[in-house]
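Trainee: I'd like to ask some things about the structure below.
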């Protein structure tokens, strides 16, 4: 139901009756929604209603206070002169002092107002008007529009001649706008803070905005006392009303002539505005915003590369293959057989290697050679030992002989 | 909104982009499924090849062991001696930390991939590498690794350098991707290449990140002395295996 290019005009007395069918939507409703422009313009424009204020320039300075200087075991801040009262000798003038003047006292020549480029203001207004025709934005802003037959709601000019508030109320009820009014009533709260003592006792929400065209319309008085409802002439559309708080999507009720006047006010994409000199509506970045259709079109899909497949090269956790049979099998499928053979060999009580064909001849020959060498060694050792024994025997016998001789 | 009044009559037709998208999606899905079946079939043949290679290597190793024993016995019978070939592969382990290092020593250790204490790396033996190791001798211990130690190092502490990242060797795809073009497809191929210092030892060794070992259980003897002087640094030939087994 958003951005309907054709709009019906409803009868003021009966919300089911349509007095004019298929009125084309003014081009303003097709302008791009630019929340950045709107919030920039809003923050600046909102400052323009401010009234200058300032602190008394003499506040906190009406003393002949002087610093006592150093050497008196007190801080060097200026102190009130004189005696005979508590106040004398107390600190004065500084922003940190009690009863002192504030730092950087507010002056009336503070720059209260902001100027905004006309084009920016116009673009913001156009964007805000466009947003009033988009249901999700109006809902998001918090308006209760579930019973409203159409957004944008365009009603015949009859309401411009309403004089009684009852007529206004009944009209709102007929078109499901009363729920929004009820929201305003039920959420009226006493404001927090000192402003309540300064004439702003209540915080009241915004309800519907009624936009009319004829200057001598009486509906202002009829709608004036309905809480939350604002009435404005279409030639004086105010961004502060169309996007309160910088939030797009005010619930707007247009009269037929006001609605028709929008094309003259803002112009279309075919011709510039008549009433705003030289103003041309902002053009959108995308002429075709249907991204799904663009992406899935043949032209794009032909050029598109195949989707990258994420192939994980290695397992997330490294397991020790020497202890983990699954990890080992992944790396070396032969290991399983080796292990099975080893276990079988152990069970068969043989050495754990494959039966090697032994070169028996060679083994025998080398064994023989070894035996020969060891035998030779043995003989040599025995011979040496025997020789030593002989020498010893000879020596002792010689000794014995000598002893015997003596 | 109540009183919904359709301004335009819309036929109940499936939007064009949805039709296109479903057609495209089914085609993609089929392609993915086919890729999967192809991959699974290829994996089966690959695994068979890995097994075959591993078995061939086992036979080769056993034959090498046997021939060594035979040669020794033969030499004994002839009354001579069998001198096996000098080692072609060295395992170098860094045993000194990073502080107060001579810049040349620092640089040489980096070239040997030994950037950290207890890092180990394989090094091919040639004049150039011998000179390099001589330069850093007091900071490393090295020797000739046995097949079992090489195997355990690569299985337990094996990480690959892929795109400058340290990737664990958890499956043979890691190896296949980097070394497939030089004929090393599985971990047993890699181990064989390292053990035999084959034609593509350079690629295989470069593929391996330095082994980050723990400190030896039971400790060093004395890192301030050379191995010959009842210490730790320098060449300890085959006894490197005992040390590294305590460090794996």
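Glycine too: its Cβ is placed from the backbone N, Cα and C atoms.
Sequence annotations record features per position, and here TrEMBL assigns coiled coil to B:40-67. The compositional bias 'Polar residues' annotation in TrEMBL covers B:1-10. Annotation comment: TrEMBL describes B:18-29 as compositional bias 'Basic and acidic residues'. Annotation comment: TrEMBL describes B:14-85 as domain 'Large ribosomal subunit protein uL30 N-terminal eukaryotes'. Feature annotation from TrEMBL assigns domain 'Large ribosomal subunit protein uL30-like ferredoxin-like fold' to B:91-140. Positions annotated as region 'Disordered' by TrEMBL: B:1-29.
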Trainee: Treating G and I as helix alongside H, and B as strand alongside E, what does DSSP give for the compositional bias 'Basic and acidic residues' (B:18-29) in helix, strand and coil?
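Mentor: The breakdown for the compositional bias 'Basic and acidic residues' (B:18-29) reads 12 helix, 0 strand, 0 coil.
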Trainee: DSSP-wise, what's the residue breakdown of the domain 'Large ribosomal subunit protein uL30-like ferredoxin-like fold' (B:91-140) into helix, strand and coil?
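Mentor: The domain 'Large ribosomal subunit protein uL30-like ferredoxin-like fold' (B:91-140) comes out at 21 helix, 11 strand, 18 coil.
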Trainee: Given the model, what does the mean pLDDT over the coiled coil (B:40-67) come out as?
Mentor: 96
Trainee: Work out, from DSSP, the number of helix, strand and coil residues along the domain 'Large ribosomal subunit protein uL30 N-terminal eukaryotes' (B:14-85).
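Mentor: The breakdown for the domain 'Large ribosomal subunit protein uL30 N-terminal eukaryotes' (B:14-85) reads 62 helix, 0 strand, 10 coil.
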